[in-house]
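S.K.: From TrEMBL, here are the annotated features:
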- Asp155: active site, charge relay system (ACT_SITE)
- His229: active site, charge relay system (ACT_SITE)
- Ser559: active site, charge relay system (ACT_SITE)
- 42-121: domain 'Inhibitor I9' (DOMAIN)
- 146-596: domain 'Peptidase S8/S53' (DOMAIN)
- 674-769: domain 'Subtilisin-like protease fibronectin type-III' (DOMAIN)
- 1-36: signal peptide (SIGNAL)
Amino acid sequence: MDPKSSKWRGSSKNQFFMILAIILLQHQLHIPVIHAETAKKVHIVYMGEKRHEDPATTKKTHYEMLSTLLGSKEAAQSSILYSYRHGFSGFAARITESQAAEIAEFPGVVQVIPNGIHKLHTTRSWEFIGLKHHSPQNLLTQSNMGQGTIIGVIDSGVWPESKSFHDEGMGPVPSRWKGICQQGEHFKPYNCNRKIIGARWFVKGFQDQIHFNTTESREFMSPRDGDGHGTHTASTAAGNFVAKASYKGLATGLARGGAPLAHLAIYKVCWNIEDGGCTDADILKAFDKAIHDGVDILSVSIGNDIPLFSYADMRNSIAIGSFHATSKGITVVCSAGNDGPISQTVANTAPWLTTVAASTIDRAFPTAIILGNNKTLRGQSITIGKHTHRFAGLTYSERIALDPMVSSQDCQPGSLNPTLAAGKIILCLSKSDTQDMFSASGSVFQAGGVGLIYAQFHTDGIELCEWIPCVKVDYEVGTQILSYIRQARSPTAKLSFPKTVVGKRASPRLASFSSRGPSSITPEVLKPDIAAPGVDILAAYTPANKDQGDSYEFLSGTSMACPHVSGIVALIKSLHPNWSPAAIRSALVTTASQTGTDGMKIFEEGSTRKEADPFDMGGGHVNPEKAAYPGLVYDTTTEEYIQYLCSIGYSSSSITRLTNTKINCVKKTNTRLNLNLPSITIPNLKKKVTVTRKVTNVGNVNSVYKAIVQAPIGISMAVEPKTLSFNRINKILSFRVTFLSSQKVQGEYRFGSLTWTDGEHFVRSPISVRDREILDY
């Protein structure tokens, strides 16, 4: 899950947990601070690529190392939580800070990582992006709907009784599959089938961070989903066909995932207890097991909060796990985060990941607001709840503040006067893009109000209100309603039921909450890579009643966008089983759309209201049909990623341990800029720089591509050669792009593109350039 997706929020930092542990130790054991060093906490001893093919041998070396540190085998056995021995080498154990510092110096240890905590960052969406199930010749049918591929979902588990996970029409479980259906609370082996072919759960790291009583939570000590997020993302990626799925009659249609016949493997690492979360120790174990089990794709809707940890300091479990997964041919798709529209907030920025931003689709839920003067205005709502069908008094939240000295404009909890709010519809004005309509509805309900009109910069990401009818409007409509309230002697209004309308709304738009680039860690790597539907997505969900078998809910977030791309990757993988993760990412990025259904450029939702650029949506909005046949791809090898790691601070010895291969970090000019990505980002152009790229022909054997250059404003851009001729011998060709700036002052980023075309394919790379002149002040 990403931060702020649904109810999940940003993760705390390691320093916080250190202080918290000391405070708890003092409070519970009544000992002074000077003894806090003796407290044991989970640390991850990361050892890089495994040295032994036999997992048992690798595990033995972990216990031997820990025994040496702690003085006995018994101490090691009681301390260790996990042994990572399938995809990479390392272990998680409870040790003190001084022991962590000591073992960090042991031979073979890459780094010792504190056990941080992370947060969890669709009936119409597939039709909207062109994957129509009834079309005889499209990617869905050509790939046999992803049959035979295995999508691993690292999330909050699954609700297996949902109709989205039935296995009718599914092929047999692939013979290469090595996973299991792990039992637990209310989860038995029969809960797996040919759709959900495996399920595991990992809680030891979370239990060490947050002590909890399972009987006091709505969680299950098993792969069963107590939150709903994991069920939603899994069904979005690969849910089977479900006719007439809806949310209480809204958005009725045929529900399905992107790859309806792909298999699912569930890895539960996120827990709906207290504030919820997913720890590094558990996440790494999920990656380790997924590599062992034999997944083809990993869908990870989880992320860090800002400020982000660099993958150079190895405190990012997703970057570590995904590096090893990618090196073994597994495509890892991650969410970009929900901290937009602020720049430099994008999460999951490692270059081997496919990072997904969120966009809107063309489905709307218009709701009429009828004022007492017979004027009708429109908003958006998905609330079916208690409509009176009658006019009620209408007032503005500032008029009914409980404390005149404290603003009640955005209807924060406890801010409204119950005497003045009773029986009325309340107009509340949000102060920012991130205010919460759900909490405002609770405030209005608690104060006795009967309806909420919520004005905000944007109308994307409609939230469900459980108690009263809620309608979201933009500031323009909100201002009109406020003017009516001020002018009328006794203002009244009536809220209608929402309707479902498709194809009438200009889409996609970049969601206001979607985290933006450039990457704050390595700005030379463009992130996000791609945008996909992530607003008001209807998919399977954990039912409110545990005895209920089926439930569908709307959720918004880059968490919802991520599994859309995971499903598309499964289709592409079915068509092109030998393509590398980098080739698949390249196909997605270079074929993406920059225009919407109205033929206009894609814009942002929210207060910015500007044309979306590469830092908002990478290559653009995903276009699965074109991505299946891109013509050319920018492939990247593990060796190239290794040289990239050299350029951002790794030593040769560290990378040797990381990869179990003798590495010599060679100092090369522009190593970061020359990483063979399907984009070019130059954060510090100081006059002139030349960047190299190579492309692999995956289209017609004999083909000629010509370069089309759209240079950023104020930047001169030259490509050499201007023509690439491919044949049976020349399948991979290189080219150079030279950028020249004549600017004399520091500038902002400007954007352009480089497109290679043979007349049939258009292979477009987004370009971002910021010129810098070093000035002495």
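Each Cβ is built from the backbone N, Cα and C atoms, and glycine gets one as well.
Because the structure is a prediction, the values reported are computed rather than measured.
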S.K.: State the Cα to Cα distance, in Å, between His229 (active site, charge relay system) and Asp155 (active site, charge relay system), rounded to an integer.
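M.R.: A Cα-Cα distance of 7 Å.
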S.K.: Count the Cβ atoms, other than its own, that fall within 10 Å of the Cβ of His229 (active site, charge relay system), considering every protein chain shown.
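M.R.: Result for His229 (active site, charge relay system): 31 neighbouring Cβ atoms inside 10 Å.
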S.K.: Please determine which of the active-site residues listed here (Asp155, Ser559) has the lowest count of neighbouring CB atoms within 10 Å.
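M.R.: Each of the active-site residues Asp155, Ser559 was scored by Cβ atoms within 10 Å; lowest is Asp155.
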S.K.: For Ser559 (active site, charge relay system), which of the three DSSP-derived states applies: helix, strand, or coil?
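M.R.: DSSP assigns Ser559 (active site, charge relay system) to helix.
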S.K.: Whole-number answer please: how many Å between the C-alpha atoms of Ser559 (active site, charge relay system) and Asp155 (active site, charge relay system)?
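M.R.: So the alpha carbons of Ser559 (active site, charge relay system) and Asp155 (active site, charge relay system) sit roughly 10 Å from each other.
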S.K.: Determine how many residues of the domain 'Subtilisin-like protease fibronectin type-III' (674-769) DSSP places in helix, in strand and in coil.
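M.R.: Here the numbers are 0 helix, 60 strand, 36 coil.
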